[in-house]
Amino acid sequence: MLKHGGQLPLVYSRRREDHHKSVWKIILLAFGAFTVFQVCRDAANHWGAWKTCDHGSILKRTPSGTLNPAYIIEAAQGAVASENEICSQLGVDVLKEGGNAVDAIVSTTLCIGVVNMFSSGIGGGGFMTVRIPPSSEGASSEVYTIDFREVAPALSNTTMYVNDPEASRWGGLAVGVPGELRGLEEAHRRWGTLPWNKLVQPAMELASGWKVGKELARRIQGPLANAIVEKIRMTGGILSLEDLENYQVIVKPALQGSYRRRKVYTPHAPTSGPVLLHMLNLVEHYDDFVKEGRTVLNTHRYVEASKFGFAARTKIGDPAFHDESERIHEIPTKAFSDLIFPNMTDDRTHPPEYYNPVYDVPIDHGTSHSSIVDRNGMAVALTTTVNLVFGSLVMDPVTGIILNDEMDDFSTPGTPNAFGLYPSPCKSNHNYPEPGKRPLSSTTPTIIEHEDGSFYLAIGGSGGSRIFGSVFQVILNMDWGMDVSAAIEYGRLHDQLFPQMMDADDVYAPAVLNALREKGHNITVSDTNRVAAVVQVVAKVNDTIYASSDSRKNGIAAGY
C-alpha cells in the first residue's frame with residue numbers, strides 16, 4: 001500500500017465494457033503516483049539524500065529537440081543510473097555506506113517499484129547481468145545473469161487465450177508467477193555485503209511501512225501468499241500457492257560475445273541478448289563504420305542490421321521448451337552473422353519477407369532499467385517489469401502489490417497479428433504458454449569490458465520491443481564519439497519489419513530522411529520526447545565514471 005494515497009483503485013472486470021472504467025481508474029492512479037512522488041521526495045529529505053543533492057559532478061544540458069533537461073554525472077567511486085532521481089541517489093547512498101553494486105541494485109529496484117509502480121515492482125520480474133571484478137591481479141572477471149522472469153502457472157495451456165485474447169492483458173488470468181523479489185534475494189545471497197533489512201528500509205519508508213523481509217523474498221508464503229492467490233482467483237486467474245512455492249530463478253554465466261575487440265556480456269534467451277549480439281556482429285563487418293561516423297550510409301546500415309535482428313528474434317523462445325534450441329544458440333555467433341551479412345545491401349532496403357522472419361512474436365511493453373558500478377568495478381545491469389502500464393490492473397489489497405500481465409508476452413496459436421504474420425506452429429511452440437515456461441522478452445541488460453578485461457559500461461533500457469534496438473544505437477553513438485548523455489539523448493530510428501515502416505525521431509534533418517527514403521525506407525516522423533524507449537548507462541573512461549539516465553522519462557543519475 002502506498003502512503004497518502006489510500007487503497008490504489010485497481011479494479012478489474014473481464015467484461016470488455018468495464019475496461020473503460022479501469023482506464024479511468026488508471027488515470028486516477030497516475031495522479032496518485034504523482035502524489036507518491038512528492039511524498040517520496042519528502043521521505044528522502046528525512047534521510048538527507050535531498051538535503052545534500054550529492055549527485056557527484058553534474059552537468060546539465062538541453063539537447064536540441066528535447067523538452068526535458070539531460071544530465072551527465074562525473075564520479076570517482078561509483079554511480080547509479082535509474083529512471084528516477086530519488087532512486088539513483090538511494091543507490092549511491094548504499095555505495096557510500098560500504099555496499100557494493102549488488103546491494104545498491106536491491107535498494108534502487110525496490111525504490112523504483114514504489115515510485116514508478118506503473119512500470120515495475122515486486123509483482124513482476126526481469127533479468128540482471130552482474131560483473132564480479134577480478135579477485136587478484138592477472139585474474140579475469142566473472143559475469144553472470146540472473147533470470148527472474150515471470151513464468152506461466154502450472155495450469156497454463158497453449159490455447160488458454162484463443163477465445164478471449166484480452167484475458168492475457170487484464171485480470172487474474174494475465175498474471176505470471178512473479179520473480180522480482182526472488183531475483184534480488186538470490187543476487188544478494190550470492191554477492192551482497194550489507195544486511196538485507198538495511199537495503200529494503202528506504203523503500204519501506206517510501207511506502208507505507210509494509211515489511212519486505214528476507215524470508216518473504218525467498219518464498220512468498222503464509223497469509224501474504226494466500227491473499228495474493230485469492231485476489232488472482234477472484235479476478236479469473238489460475239496462479240496457485242504451489243506456483244509461488246515452486247518458482248525458481250536461473251543463475252548462469254552470461255552469454256558472451258565480442259564487438260570490436262571488446263567483451264560483451266548479456267542474458268541468454270528468452271531475452272533479446274542474442275539479438276543484440278547478432279546486430280553488433282553485423283555492423284562489425286564494416287571496417288569503416290566507426291571511422292566514418294553517422295553518415296547516411298551508416299545510418300541505413302544500422303537500420304538494416306536492426307531489421308535482420310528483428311527477424312532473428314522471431315526464432316527465439318524459452319530454451320527449456322524449444323525443440324530447435326540449436327537455432328537460438330546460433331543467433332549470437334560470428335558464424336551466423338557471416339551467413340547473413342552478404343544480404344546486407346547498401347543501395348536499398350527490402351520488404352519484410354527478405355529478412356526471413358519465421359513467426360510472429362507479440363510486442364511487449366513497459367519495464368524499468370537501472371545500471372550501477374561501484375568503486376571496485378562490480379557492475380550490475382538490471383531490467384524489471386510488470387509489462388503493460390499497471391500490469392494486469394489487479395492489485396492485492398492486503399499487500400498493495402500490483403500484479404504483472406506478463407502472460408501477454410506469450411503468443412496465441414492460430415491468431416495472426418495485425419499485419420498477417422502467424423505465430424510459430426504448434427510443433428515448435430516457440431512462445432506459446434505452457435506450465436513453467438518463460439515468455440519471450442526484449443530486455444537486454446548488458447555489460448561491456450575493454451579488450452584487457454577492465455570495465456567499460458553497463459547499459460540497458462525499457463520500452464518493450466524498442467529496447468534492444470535502442471541499446472544497440474546508444475552503443476553505436478558512443479563508438480561515434482558521443483559521451484553517455486549525448487549518446488542516450490540522440491534521436492532514435494526503429495524498424496521492426498511489421499508494420500513496414502521506419503519510425504524516426506523528429507531531430508533528423510530532412511536531407512537525411514529524404515536520402516533514406518531514396519533507399520526505399522517508408523518513414524514516419526515522431527516526437528523525440530515521447531516515452532518510447534528509455535536507456536540508462538554507467539561507463540568508465542580512463543579513471544572517471546560517467547553516468548546518465550534518459551530524459552525521455554525524466555531520469556537523473558547519481559554518483560560520488
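The backbone N, Cα and C atoms fix where each Cβ goes, and this holds for glycine too.
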What does TrEMBL list, out of Gly138, Gly460, Gly464, as binding the same L-glutamate as Arg149, Thr385, Val386, Asn387, Asp409, Ser441, Ser442? Gly464
Can you tell me how far the Cα of Ser442 (L-glutamate binding site) sits from the Cα of Thr367 (active site, nucleophile), in Å? 10
For the recorded positions Thr367, Thr385, which one has its C-beta crowded by the most other C-beta atoms within 10 angstroms? Thr385
Which ones are near Thr367 (active site, nucleophile): of the binding-site residues Arg149, Thr385, Asp409, Gly464, which have a Cα within 10 Å? Thr385, Gly464
I'd like the Cβ neighbour count for Asp409 (L-glutamate binding site), meaning other Cβ atoms within 10 Å of its Cβ, all protein chains included. 27
At a 10 Å cut-off from the C-beta of Asn387 (L-glutamate binding site), count the other C-beta atoms across all protein chains. 29
